[in-house]
Amino acid sequence: MEEAQMVVEVVKSKEHGGRIRQCTICNQRRAALKRPKTLEQICRECFYGVFEEEIHRVIVDNQLFKPGERIAIGASDSTVLAYVMSELNRHHNYGLDLFLLSVDEGITGYRDDSLETVKRNEIQYGLPLKVVSYKDLYGWTMDEIVKMIGLKNNCTFCGVFRRQALDRGAALLKVDKLVTGHNADDIAETVLLNILRGDIARLSRCTFITTGEDGPIPRCKPFKYTYEKEIMQNLNQQLRMHTLRGWITSPLNAFIPWLTVKVFSTINNAGIYSPNAYRGFAREFIKDLERIRPRAILDIIKSGEDFRIATSTKMPEQGTCERCGYISSQKWCKACVLLEGLNRGLPKLGIGRSRGVNGERNKDVKQTGKKNIESKQCGTLDF
Ligand SMILES: Nc1ncnc2c1ncn2[C@@H]1O[C@H](COP(=O)(O)OP(=O)(O)OP(=O)(O)O)[C@@H](O)[C@H]1O
């Protein structure tokens with residue numbers, strides 16, 4: 001709840017002996033909020049300007065796109081990524097063909113609400129929408145999976161299936177790249193988790209702004225340096241605009257389902273169905289650090305970026321799944337192993353240390369007694 005209440009601290013208009021604080025950017029309007037990232041006190045107009053401008057700079061500096069490319073936007077609960085991508089594409093003439101791509105995990109009362117939002121975005125931003133569902137791709141909804149496996153471990157299914165579903169949807173759309181709304185908080189959290197778990201392979205790649213360049217469809221994260229609190233502030237503004245335009249009857253109508261998901265996932269520490277305590281601790285720790293030092297999130301990302309793997313460390317070799325052809329460092333990809341378990345009524349197959357199709361228990365511990373660096377799962381540690 002704190003995130004929702006403290007989106008961006010509103011600056012009291014009269015401070016220090018009744019003087020009105022001016023926006024430190026335009027020096028004309030009254031400051032209305034304090035940027036979580038820099039603590040600058042600025043007006044709303046300048047906030048929306050710098051918010052988009054910073055993302056534009058990240059896109060340009062990292063050469064994320066080329067004119068003429070087809071780009072799928074991974075669209076889940078929040079509309080900010082779709083909005084920012086379509087605005088920047090228009091304002092800065094990126095020349096991109098944008099599409100919305102949504103994965104329906106089959107979670108009653110959650111995804112059906114957010115799919116409504118995505119369908120609204122299709123109309124508002126004039127972007128074609130493709131929805132792919134777990135049911136169609138795998139024959140199982142998350143509701144059905146949870147019924148079989150329970151609440152424990154289901155984040156493994158959700159994360160692995162979603163990742164592959166996004167790739168499959170992107171392939172159906174024949175796009176060149178997929179963008180996701182992973183933000184600075186997500187990345188800092190993942191850096192920390194990978195350090196805590198000693199997952200060198202993932203640690204080395206989790207800060208990349210583009211991943212999967214050697215695979216079928218590269219993924220980019222234009223919000224890599226954007227704070228979650230600022231994304232939420234932007235979402236608030238969009239909902240106000242949508243209400244003014246009559247697209248929704250009240251910001252609350254759209255905000256409440258989204259907030260419910262956020263609160264639910266905060267309680268569950270990672271996702272609506274996922275009691276992933278480890279990620280929750282990392283999240284809380286980062287929030288504490290941010291309170292003391294607002295730049296902490298960016299500093300953790302920087303540490304992850306500067307991390308170098310010793311050349312003597314053995315890294316997993318990427319191949320393809322013998323069953324479905326998806327990228328995999330094992331005989332079968334994780335999704336096929338999990339699916340095999342579900343279909344055989346052995347849902348724990350492929351989870352943790354149970355013996356899987358790939359003989360994972362054997363491979364978990366090498367002859368040296370050291371853990372295989374690819375073997376540990378904790379929700380989504382890859383982007
Ligand atoms: N069901 C989905 N369909 C399409 N894209 C998804 C889906 N779930 C996640 N993504 C993509 O992955 C990104 C990060 O997902 P994550 O679950 O961490 O956050 P989220 O709370 O669902 O996302 P957001 O609040 O940005 O919408 C999302 O911003 C989105 O781009």
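Here the Cβ of each residue, glycine as well, is placed from N, Cα and C on the backbone.
Heads up, TrEMBL stuff is auto-annotated, nobody curated it.
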TrEMBL records Gly74, Ala75, Ser76, Asp77, Gly181, Asp186 as ATP-binding residues. Which of Val103, Val132, Val146 is assigned to the same site?
Val103
Applying a 10 Å Cβ distance cut-off over all chains shown, what neighbour count does Ala75 (ATP binding site) have?
29
With the ATP site defined by the record as Gly74, Ala75, Ser76, Asp77, Val103, Gly181, Asp186, how many Å span the farthest pair of C-alpha atoms?
19
Under a three-state reading of DSSP, tell me whether Asp77 (ATP binding site) is helix, strand or coil.
coil
By a three-class reduction of DSSP, Asp186 (ATP binding site) is assigned helix
